Amino acid sequence: MNRATKPALLVLEDGRTFHGTAYGAEGEAFGEIVFNTGMTGYQETLTDPSYHRQIVTMTAPHIGNTGVNDEDPESGRVQVAGYVVREPSRVVSNWRARRSLDDELRDYGVVGIAINGTRALTRHLRDKGAMRAGVSTTETDPQALLERVLDSPDMIGADLARVVSTPEPYVVRPEGEVRHRVAAIDLGIKAMTPRRMAERGCEVHVLPATVTAEEILALEPDGVFYSNGPGDPAACGYAVESMRGVLDGGTPVFGICLGNQMLGRALGLGTYKLRFGHRGVNQPVQDRANGRVHITSHNHGFAVEAPLDGPFDTPFGRAEVSHVDLNDGVVEGLRLLDRPAFSVQYHPEAAPGPHDATGLFDRFCDLMDRS
Amino acid sequence: MPRRTDLKSVLVIGSGPIVIGQAAEFDYSGTQACRVLKSEGLRVALVNSNPATIMTDPEIADATYVEPITPDTVEKVIAKERPDALLPTLGGQTALNTAVALHESGVLERYGVELIGAKVDAIQAGENRERFKKIVADIGAESARSVICHSMDDCLAAAGTLGYPMVVRPSFTMGGAGSGMAYDEADLRRIAGAGLAASPTSEVLLEESILGWKEFELELMRDRADNVVVVCSIENLDPMGVHTGDSITVAPAMTLTDREYQRMRDVAIDVIRAVGVDTGGCNIQFAIDPATGRMIVIEMNPRVSRSSALASKATGFPIAKIAAKLAVGYTLDEIRNDITQETPASFEPSLDYVVVKAPRFAFEKFPAADKTLTTHMKSVGEAMAIGRSFPEALQKALRSLEKAGSSFSWAPGPEALSGDERAARKAELIESARRPHDGRLRAVQQAMRLGATVEELYEATRIDPWFLDQIAALDEVAAPLAEDQLDPEALREAKRHGFSDEQIAEIRGTSAEVVRELRQALGIRPVYLTVDTCAAEFEARTPYLYSTYDEETEVPVGDKPKVIILGSGPNRIGQGIEFDYSCVHASFTLAEAGYETVMVNCNPETVSTDYDTSGRLYFEPLTLEDVLEVVHAEQETGEVAGVIVQLGGQTPLGLAQKLKDAGVPIVGTSPESIHLAEERGAFGQVLARADLPAPKHGTATSYEEAAAIAAEIGYPVLVRPSYVLGGRGMEIVYDDETLRDYIERAGGGQWNPEHPVLVDRFLDEAIEIDVDALYDGEELYLGGVMEHIEEAGIHSGDSACALPPITLGREDIDRIRTSTEALAREIGVRGLMNVQYALSAGVLYVLEANPRASRTVPFVSKATAVPLAKAAARVMMGESIARLRAEGVLPATGDGGHLPLDAPISVKEAVLPFDRFRTPEGVGVDTILGPEMRSTGEVMGIDTVFGTAYAKSQISVYGALPTKGRAFVSVANRDKRAMIFPVKRLADLGFEILATEGTAEVLRRNGVRAKIVRKHSAGPGPDGEPTIVRRILDGEVDVIVNTPFGSPGQSGPRLDGYEIRTAAVLRGVPCLTTVQALSAAVQGIEATAAGVIGVRSLQEHAQHLWGGEEDS
């Protein structure tokens, strides 16, 4: 019980301050503060590499109820820089749970804070935009913490995919016989993504972010996949470069999240930072080809700028915006009309989130079948 | 896909009277649907027999048929209206069953009516257990292992393979009626026997026990483009074994990981697709084995349900409204989210708060009933609360129930117990918590105070350890509150955990006022956050608010003067949907009059808690603390012109004086005037000044005093506690012995001058009259005069009544008007008043006057085509009746006492829940009516003559009145004279008359060939001649006339009557317990037999009544 009363401090770069109690590791952490509206899936969220260097605020008040298990992590560690919740669970209740979230955060040295005003914070971020912040269990002076927040690096221009990517290639074996060989560029890949491909008979060669097109094509893959990942897409020139090389060769390409932004940039489109981003599991995305709406899992702070009114020309032939978010009209998917390449901004692999869009993996397999 | 252009008119079927398992939530959903369809330019016709609903207000639909919801009647409406489509998914099981019947009989096809919302095949796939089970298996999910049985032999054979305990569920009954858990063969025979009889298809399902598993529900919507969204997940705190309607439920689910939740979501979506609900909503229930995670699909409802109303209120996603839009062809992405007004409805709400629903029971009304909670729903209402954490929401929900003993308590006491006493008490509480019942959660909390661990309580209750720990945490928060010096941080923490000032005061041995003052001085006050569907991701445009102790408030600033309307809280017997009706009307009309309307209520079933109804909605408990804080928050952001306490029944009325004392502006009748009417002594003086007679009476605080009063005024006397609604604790006593018993038993025997017992002379054989009137200080508008069909002594809420009064003359009505006006003037009424009179031997006695909206306001409004509640709200805000007449809100001349000679006759009949309750021994509870109200709802029959109107009311309750067959008659001696003529008429109509010996004797002497039948107490005859009870149970009797006699608890005739009435309830045979009801029924039977019953809309009736000047 003593831990619950240990004070902690959260300070945003515009000076807004929240007092709370410590949760997880003690210490101090900095990052871009964002909010996630998912009501389930904190374990997947915490281990998603796309949250690297971000302080994640959960809008759902009760966190940690089902503890932490060994099956649900999306990577080998807790990735977030800091964690903001309202009501950390005192107990763990689930037949799969192995340990508590509090312990898990401490094991990975992640500093968290429980504050009353998670909603006030969310409203603030919605109105003012995601921004830098610091959370500390050691500093009691907001002004001092604010100074360190202002010294911390900005998300704009941050090349983080390189940081979270696997240093060495590895292979995820398919379930059953091999139908396709996929080269998956790890810009911060979630564990569920290669698993979704493996379920469909793909042998997935996961490669480091900075791999070149030559190295990729040397594997003679049936298709190339660009994963999700953290940071500013504008800082990942190496992946845009390899993407162009792959597109040139005509190998089928599928991208998710940062991978979608890589395709966009490879096509010559711009990317921009959203005010507060999309982070949650309830976003309505419409497939413009058939009007169908999928409820989808999102985690992106940047988006692609592309013409919504119809196909447009790119160095790789005509392309179109295939998906849009119905909440705010943000581009959620791209498709080349003359080459076998497509990408989505959201997360068809889910984990956490609804499985509405898992069919996109089948679409990727179909593309590989046809090529 | 835009709206279908081929549809021009739609028929909507409502759910009929409020009964356990089918309540106000269908008024909420039906009202939403009708409004949506009308705004789409469709002609809307509506059938619903329940006058207390907003949906049956004439402005909601184009043609409103307050008629019985039977296939026959609905066919007549179809023939008259010729709608293009029928929407049956918003009126509960009643509407769905009626629609299926109309399909099966070919009516829909004959008239070219398309069923929209759900196809018959989908309805059947969802409801037929065998088909549904196959669907679940086909999509790769699991159902509980089960066997369908059509006979007792089937059941016994199945028991061999499934093993005990097992669940018994009859098919096609609503609210799980007839379900139960069989632990052995005797249970099985009893429950399955009743279930086979109750099921319209004589089908029961026996199934493996999943008792104690975790229980969840998902609410889904699907459009015709096959887009599916899950609107809400709900977790039942009470594990499997308790009907979800009787469970404390929580939204969103609290104890699922994303993997488990998504798997449930996937299965749910596969189910809605496979069943084929293609434009609308459905509810799917799941069970999860807490040890292994094995998930079972329990059932689905291919329609809007109680849970979907709850989910709508919990999330701000209006399921019924959207279901109606989907039914006429829209897709989810084409519909805007009302709350954000910029995002589409094709999304899944995200909650940044916790919602808790708690059921409200009425076991005090049925003392003999078994209070164990089972798969058979027993609660009569519910309260919902919202908080930023589960403990906060739970504590708010429990105090919203407004029932002593519902909230957790940390009253001092346990500290003083010895170690042994503590251990014994703890063991006792754990044992009590083992059995699900009304007070289980409180027992859990009390056990924790005595040191019970989460593990011990989990073992006993199977309530998830997470929930149990949250309750244990409250105990830790409570501990420092007891310290001599109250630490502000401890107080803040307690408020954050939902503790009321009252609870804190109890811990500290002080008053709630003292705690409130201290708290406010420390600046510890709630803020109000918005239910916005999106966890603050987008800005909310619709202010739907809840209180919480959090960071910053979101109450919008406005410039219009505000009127705060206090609602009526959870439905209970005696305070139901009728009061919500008046609140909603006030809100509508005051918004039109230029006010910002602010609704405060905590009942998720109602129209008042639709965020569309008022300018602002506060989903809050109706306690003094919570209301004062809302008023404060509103005063901070603008001018509060007044608070209305008169429309929500006793709940807000009880707060009136304290609110006024705290400086809150109460509009309408002042709290002092309310006191004049409610306090016996003061009311006596009012009557004296107005020169009106009342039955002789007195006030007592002991048996001796009461006996002295009884001796003076003569037995029988009516005894009751003061300040009650719905006749709580009211009894008629005939002698000193029963009087002594009452004084000792009722009110816990705790009588004092503050809470005395009232002793009234009971007027035998009087006509009871109910009056609703409006008074503005100058003029009286007599809304309506209702004559009870049962004599005085039956609670007015349980009594059938007719308007206009069928046997009163002009002179009587004029006397009533004069008396009512005198009362209104003397009390100082501004707004509505309800008066009950008894006319006995030419004397008009005043029984009671209530200066508030009454249960009958909606009935009177519909019967006379005048919006009484609207007029009342305007009067409360200072408008005159003359002005309202000029505006056309009230008729230009005349009133509800002076209706045209050929005005239609309206009959209100009560609906009683006796079939829901059993004693712990498993037998039915007595159905006899008395001064304590026990009905849950009402129906209205309206037609040109009394007989037909009465027949319609009976058809609405029982399905039909028999026109031939066997009538059984057994009456008390005092009724023998009065029954002769109507029974003779029954015989003339061709009924075979069965009677007990004494009754038969009188009938035969009067030329009625009555057959003698054996009494229950006599047992079967020497040659196996069956008793009357046996014959009723065997379905050989079509109508029963049984007036009670003898004292309660005795054997002999009283017990015979009890057995007869119980059998009648079991078989659903109309059972008339007064001679007056018999006479009315005979007129109804004549009308039915003559086959002249037609249908007519309220709009047509209004046209006829007021010549078209009135459109509402």
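Every residue number used here counts from 1 along the chain in the order it is shown.
Positions of Cβ are set from backbone N, Cα and C atoms, glycine also.
The following features are taken from TrEMBL:
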- B:GLU299, B:ASN301: Mn(2+) 2 binding site (BINDING)
- B:GLU848, B:ASN850: Mg(2+) 4 binding site (BINDING)
- B:GLU848, B:ASN850: Mn(2+) 4 binding site (BINDING)
- B:1-402: region 'Carboxyphosphate synthetic domain' (REGION)
- B:959-1112: region 'Allosteric domain' (REGION)
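B:GLU848 (Mg(2+) 4 binding site) is 48 Å away from B:GLU299 (Mn(2+) 2 binding site) when you measure Cα to Cα. Contact annotation for chain A: of the listed binding-site residues (B:GLU299, B:ASN301, B:GLU848, B:ASN850), none places its CB atom under 8 A from a CB atom of that chain. Residue environment of B:GLU299 (Mn(2+) 2 binding site) contains 20 other Cβ atoms, counted within 10 Å of its Cβ in all protein chains.
In this structure the alpha carbons, written CA, of B:GLU848 (Mg(2+) 4 binding site) and B:ASN301 (Mn(2+) 2 binding site) are 44 Å apart. Cβ contacts within 10 Å of B:GLU848 (Mg(2+) 4 binding site), excluding its own Cβ and spanning all protein chains shown: 16. If you take the Cα of B:ASN301 (Mn(2+) 2 binding site) and the Cα of B:ASN850 (Mg(2+) 4 binding site), they are about 41 angstrom apart, rounded to a whole number.
Applying an 8 A CB threshold to same-chain residues 6+ apart, the list for B:ASN850 (Mg(2+) 4 binding site) reads B:ALA677, B:GLU678, B:MET833, B:ASN834, B:VAL835.
Within the model, the region 'Carboxyphosphate synthetic domain' (B:1-402) shows a mean pLDDT value of 93, rounded to a whole number.
Other Cβ atoms within 10 Å of the Cβ of B:ASN301 (Mn(2+) 2 binding site), summed over all protein chains shown, number 25.
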